[in-house]
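Annotated features in TrEMBL:
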type	residues	note
DOMAIN	80-483	domain 'Amino acid transporter transmembrane'
TRANSMEM	175-199	transmembrane segment
TRANSMEM	211-230	transmembrane segment
TRANSMEM	242-259	transmembrane segment
TRANSMEM	279-297	transmembrane segment
TRANSMEM	309-333	transmembrane segment
TRANSMEM	353-378	transmembrane segment
TRANSMEM	398-418	transmembrane segment
TRANSMEM	424-447	transmembrane segment
TRANSMEM	459-484	transmembrane segment
Amino acid sequence: MQKKLQLSRATSYPSECFASLKKNQTPESVIMSKNGHSNAAFVGDRADKLELAEKGQKNKAIVAKDPDYNPYHHRNVEHPTTNSETLFHLLKGSLGTGILAMPNAFRNSGYITGSIGTIVIGFICTYCIHQLVKAEFELCRRKKMPSMNYPAVAETALGEGPKCFRVLAPYIGTVVNTFLLIYQLGTCCVYVVFVASNIKAIVDAVGDTNIDVRLCMIIILLPLILINWVRNLKYLAPFSTLANAITMVSFGIICYYIFREPLSTEGKDAFGKPENFPLFFGTVLFALEAIGVILPLENEMKTPQKFGGSCGVLNVSMVLIVFLYVGMGLFGYLNYGASVLGSITLNMPEHEILSMCVKGMLAFAIYITHGLACYVAIDITWNDYVAKRLGAQRNVLFWEYAVRTILVLITFLLAVAIPNLELFISLFGALCLSALGLAFPALIQICTHWYQTKGLSKAWLILSNFVLIIVGILGLVIGTYTSLKEIVLTFSE
């Protein structure tokens, strides 16, 4: 007798995806699905049921009865995106506060190690994304479903994998959700520290003083709570558009400051200390990885078959992203050297009007999109856990606002406790994205094709993905340990 497994409605992508709402999307379609999908068949919206493989079957995976079923032909997307729109969304999903931290990442690695390391990490991340997308297509074909989200793909894959993994299938969706939730809350912490640090830099320059960055955090707290009380995405979308425009202008001015003086390798390390490499690894993962945004964007495409491929949307976007990240990290480090800070904006001249304008604009842009960043965390916490336990009550709205406020306060308190931008970025990059971007896609790939490969193909499947899982685990453990150790050392001095 087949066992039906109730999948939780898990949101599967970070805030940047919300920040890229399509221009022609109506308010109704924006709020149709709180996880950003107008595809009514999207697995994870409310309580969709998914058939997993029978535990009693040996060496077999349940495959769709119709081998010609193509999930792409059964997606009912109200406002599908073109290839160029998807490319823009991917770029926006990866170009955030993380790129401003790349010079600091190169300080930990050295400019040669950093350049090569960023390219290698970018290649590995792209490979893992391809494997995740291919696994989703294959599982959707077998289950005759148009699309799935990240937790659903993980749950289905483990249910069709070896016996030792099938017992974990009911729990892997929650594990993926937990990592996504931690990552989103970590992103919100980075936002709070980034905004407060840049406000402090402006106030210090104008008032010729040295205020505590925590005071700036307290000042922005109340408006931050009010922004996160907005329950409908359509009211946040205009702020996202404004933030995008401000960010592009600011990046242009930052490039002007980087290149206005001759760059030199003198006094700059070509190869960093090995003990600092985990900090580089975590920072690059945080900045580069947009693993959570991948499946939602691919599922919403007009021509999803163009997403992969050698010259597909994914490869083109990742080449551009890696190029921009290497450029910002390399030239930013060559300009400011060992004095580079957690955000390159903090190294810009203190008393120049243009410099202060850039800091103010980026602080404002990040501040007004904090509601979008926290929306995913609120969605997961409220819809998947709290609301289900409360049931039908008169004061449900009160509890929803309470949850929103508590989540903002959690990110605020973490930021107050550890107001260090570079360590926050490295910590959450290593802790969450090593698992979400490397280990989980490799595990999903093994389970998806476990019974469909033999001989050398199966040996390669196991070997290649086992290496990725080991790299992911080592990155998570060593990167998290190194970041926590640096946090303790920094604040014990």
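Including glycine, each Cβ sits where the backbone N, Cα and C put it.
Unlike curated entries, TrEMBL annotations are predicted automatically.
Sequence-remote contacts of a segment are chain residues at least 6 beyond its ends whose Cβ falls under 8 Å from one of its Cβ atoms, and for the transmembrane segment (175-199) they are 8, 10-15, 97, 150-151, 154, 213-214, 216-217, 219-220, 224, 292, 342-343, 345-346, 359-360, 362-363, 366-367, 369-370, 373-374, 376-377, 380-381, 384, 407-408, 410-412, 414-415, 419-421, 424-425, 427-428, 431-433, 435-436, 440. Under 8 Å from some Cβ of the transmembrane segment (424-447) lie the Cβ atoms of residues 97-98, 101, 124-125, 128-129, 131-132, 134-135, 150, 153-154, 157-158, 160-162, 165, 176, 179-180, 182-183, 186-187, 189-190, 193, 278-279, 281-287, 289, 291-292, 342, 415, 418, 461-462, 464-466, 468-469, 471-473, 475-476, 478-480, 482-484, 486-487, all in the same chain and six or more residues away from its ends. Against the transmembrane segment (398-418), stretch 211-230 has more CB pairs under 8 A than any other of 211-230, 242-259, 459-484.
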